[in-house]
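Peer 1: Handing you a structure now.
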Amino acid sequence: MGSLPTNNLESISLCSQNPLDPDEFRRQGHMIIDFLADYYKNVEKYPVRSQVEPGYLKKRLPESAPYNPESIETILEDVTNDIIPGLTHWQSPNYFAYFPSSGSIAGFLGEMLSTGFNVVGFNWMSSPAATELESIVMNWLGQMLTLPKSFLFSSDGSSGGGGVLQGTTCEAILCTLTAARDKMLNKIGRENINKLVVYASDQTHCALQKAAQIAGINPKNVRAIKTSKATNFGLSPNSLQSAILADIESGLVPLFLCATVGTTSSTAVDPIGPLCAVAKLYGIWVHIDAAYAGSACICPEFRHFIDGVEDADSFSLNAHKWFFTTLDCCCLWVKDSDSLVKALSTSPEYLKNKATESKQVIDYKDWQIALSRRFRSMKLWLVLRSYGVANLRTFLRSHVKMAKHFQGLIGMDNRFEIVVPRTFAMVCFRLKPTAIFKQKIVDNDYIEDQTNEVNVKLLESVNASGKIYMTHAVVGGVYMIRFAVGATLTEERHVTGAWKVVQEHTDAILGA
């Protein structure tokens, strides 16, 4: 039982080389580096958005895995011919969609080191360097953001706070919501979970809805509080307080507020300080989601957007968005790490060890959902060391400058308007009704619907060209085109060229 047949030596003869042979690793590794270097050199020439149809790859690849080994040369040929056509090129300098996934040499090489070591750092003992480097780089980045010391690790352990690298914002919100949930249920009884209420704005990322669902929050108790143009779609503290008071009146228990610095739709900023002041009156856990815009806050001129963070309970940003660190790398800081650990810890016999029992080390398995974890801190460490604070600020400012340039180009064409104020490096614009309807415009739903339809048509036309790629959002009933600068290879000439593409397609649609 469980033994290999003695008369079948096929598996031994087919692949005599060890899968981790150092010389072969060096040979193939150089080929991959050269392949990717050529890709980055030529990525500008590809259609930015993939032009394939659903199911294209199934028609190109075999129905089953190969029985015999294939060479890396053959595999890379297939990557070129079959995989690259199906990629949307997030590293293209003409990529302006969603939010950036900015890469860098340091981030890529850090990922190589992390993957090469292939350690599983669930606790300190399993790889001390992985744990300790993570706590160090989280303090470094926290200091760059001038986060209060209550969010950082202290040498004497007095602060109670600290940072951890999660995969995504979804995970960060789920972990903090779970900690807040258990902390509250320990006070009011676990049978009252259906009374817990979560608050956010109608602009908050859908990650909160997913986290609440997983954490067992009653879907009816997730409040997406309406925002308006009057506050640039930021969450009003008065609206928050009204919602809280209504829930208390109904016998519900306010639990958690997710405030956002740089919403996905329009980069709106919720007023952290005033919102925290309201939340603290009712014992609500406040999480600050700065997934996109948090990176910019290492620049002094943007730091004010997170003023008031000292009164929050947790704060997160995605280094894989706008901080030149490859996916995935979400940085989460908490003030009360004990609440996080109590909600998420497990201690099976096979993981017990003297280091953990000494209480002198961090076991990051207890700061996240999963047990296993990657050596994410390696790539962030390389990014911080390879570029330094000064250069990272310069990179971020260059993207903001290019967004301002694009905004200026829009301002010179009276057919267009900026829908919401530009705050960081994203511009939200649209064709104006007056450019579409020659007669005098009156405010009515028909005109707005038709304007939205023409803007939909414009964006689809631009993206189908493959020259640039942008995405859209709808705020306050207005369909707008989002132009997000942040790809590492983007230069001002690409921004200028993108505007020319928009104008050309506008001319074609309007018959100019």
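A Cβ is built for glycine as well, from the same backbone N, Cα and C atoms used for every other residue.
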Peer 1: From the set LYS321, LYS467, LYS500, which residue is assigned the annotation N6-(pyridoxal phosphate)lysine by Swiss-Prot?
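Peer 2: Per Swiss-Prot, the residue annotated as N6-(pyridoxal phosphate)lysine is LYS321.
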Peer 1: How many Å lie between the Cα of HIS205 (L-tyrosine binding site) and the Cα of LYS321 (N6-(pyridoxal phosphate)lysine)?
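Peer 2: Between the alpha carbons of HIS205 (L-tyrosine binding site) and LYS321 (N6-(pyridoxal phosphate)lysine) there are 15 Å.
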Peer 1: Roughly how many angstrom lie between the C-alpha atoms of PRO100 (L-tyrosine binding site) and LYS321 (N6-(pyridoxal phosphate)lysine)?
Peer 2: 5
Peer 1: Within a 10 Å radius of its Cβ, which of these recorded positions (HIS205, HIS320, LYS321) has the fewest neighbouring Cβ atoms?
Peer 2: HIS205
Peer 1: Rounding to the nearest whole angstrom, report the longest C-alpha distance spanning PRO100, HIS205, HIS320, TYR350, listed for L-tyrosine.
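Peer 2: It comes out at 41 Å between the most distant Cα atoms.
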Peer 1: Please list, in sequence order, the residues in the chain of TYR350 (L-tyrosine binding site) that are at least six apart in sequence and whose C-beta is under 8 Å away from its C-beta.
Peer 2: none
Peer 1: Quick check: in three-state DSSP terms, what is HIS320 (L-tyrosine binding site)?
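Peer 2: The residue in question, HIS320 (L-tyrosine binding site), is helix (DSSP, three-state).
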